[in-house]
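These features come from TrEMBL:
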- 1-287: domain 'G-protein coupled receptors family 1 profile' (DOMAIN)
- 12-33: transmembrane segment (TRANSMEM)
- 48-76: transmembrane segment (TRANSMEM)
- 88-109: transmembrane segment (TRANSMEM)
- 136-160: transmembrane segment (TRANSMEM)
- 235-255: transmembrane segment (TRANSMEM)
- 267-289: transmembrane segment (TRANSMEM)
Amino acid sequence: DPNLRQPRNFFIINLAITDLGLLLSNNTLHVIASFKKQWIFGQIGCNLYAICGGVFGLGSITTMAAISITRLVAVIRPLSSLTLGSQFTIKCLICSWIYGSIWIMPPLFGWSRFVFEGFGTTCTFDYFSRGYWDKLFILTLVTGGFLIPLSIILLSYKFILIKLNRRSRRLTYRNSDEQNLQLRSRQSNVYSFQSANSVTDTRKQSETVTICEANGENHIVRNSYLTEARARRTVLYICAIFCIAWGPYALTAVLSQFGFDRFITPYTTAMLGLFTKTAACVNPLIYALSSVTFRQQLRSLMNSFYTCGQTSHSLSP
């Protein structure tokens with residue numbers, strides 16, 4: 001559908017690609033190693049596993065930050081968002097991939113390393129060592145790969161909600177002022193020098209137009225409130241899933257550097273990995289379903305499937 005092939009939807013596609021890449025690259029090796037009850041791919045496989053997890057995982061995070069920025073621009077400058085071209089969008093996506101990859105590459109060049117975690121069937125960056133350079137790497141990775149994108153997401157959606165709230169207030173005040181003005185004009189009982197019948201018809205016409213205008217304004221205000229409510233729910237879901245998926249992992253990596261590694265067990269690290277992979281399954285759905293156009297196309301597709309099913313059932317002997 002042409003409505004879905006818009007540059008702004010490239011971010012959703014890229015988010016689905018990063019999350020799918022995270023699931024395919026990490027889950028495949030993890031499942032095989034779990035059945036073998038040990039890591040069988042050597043250090044090269046461990047490095048590959050951690051690099052793929054980092055690139056796709058951080059790429060997903062930076063894509064979510066880029067989506068929040070584009071939505072902020074669409075709310076603050078609607079006309080500017082309409083000129084968002086394919087080339088500019090692709091450049092933004094390339095930058096998000098580069099930004100996400102930068103933070104996970106240093107272990108390949110000697111700054112920290114990749115090690116086994118959990119039950120020895122997965123690999124990640126070394127957050128167990130407490131050397132000076134190890135702490136510096138962890139703090140750099142958590143700051144650049146998690147805290148900065150999280151700040152961008154929170155600030156962007158905060159300004160979006162503030163803008164929508166102000167817009168709905170202006171509509172409410174304007175609606176209230178216009179209704180009060182129309183009510184006073186109806187109660188003034190100013191009649192022109194016309195016949196009694198023409199005056200009565202004129203008053204009826206005026207009241208009908210006034211009621212229609214008031215209903216139209218109420219409809220606009222109601223739509224504004226519904227838009228703001230949907231935006232609040234979407235923001236809540238996005239921020240909650242982001243923090244639940246990546247927050248515990250980042251917090252664990254930082255706490256392990258300051259003497260709290262006694263709380264890190266194979267079970268806890270396994271749960272942390274489960275959180276990140278679950279978020280990879282849910283993220284594209286939330287972002288896609290928050291789009292009105294996508295929901296309409298999905299509803300149309302489901303209706304067509306239902307119609308085809310009913311037709312084939314009626315034609316079957």
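Cβ coordinates come from backbone N, Cα and C, glycine included.
Curation plays no part in TrEMBL annotations; they are all automatic predictions.
In this chain, the transmembrane segment (12-33) does not touch the transmembrane segment (235-255); fewer than three CB pairs sit within less than 8 A of each other, excluding pairs fewer than 6 residues apart.
Non-local neighbours of the transmembrane segment (48-76) in the same chain are 8, 11-12, 14-15, 18-19, 21-22, 25-26, 29-30, 41, 84, 92-93, 96-97, 99-101, 103-105, 107-108, 114, 122-125, 145-146, 148-149, 152-153, 156-157, 159-160, 163-164, 238, 242, 246, 276, 280, 283, 287; each lies 6+ residues outside the stretch with a CB under 8 Å from one of its CB atoms.
Per-residue pLDDT, averaged along the domain 'G-protein coupled receptors family 1 profile' (1-287), amounts to 76 for this model.
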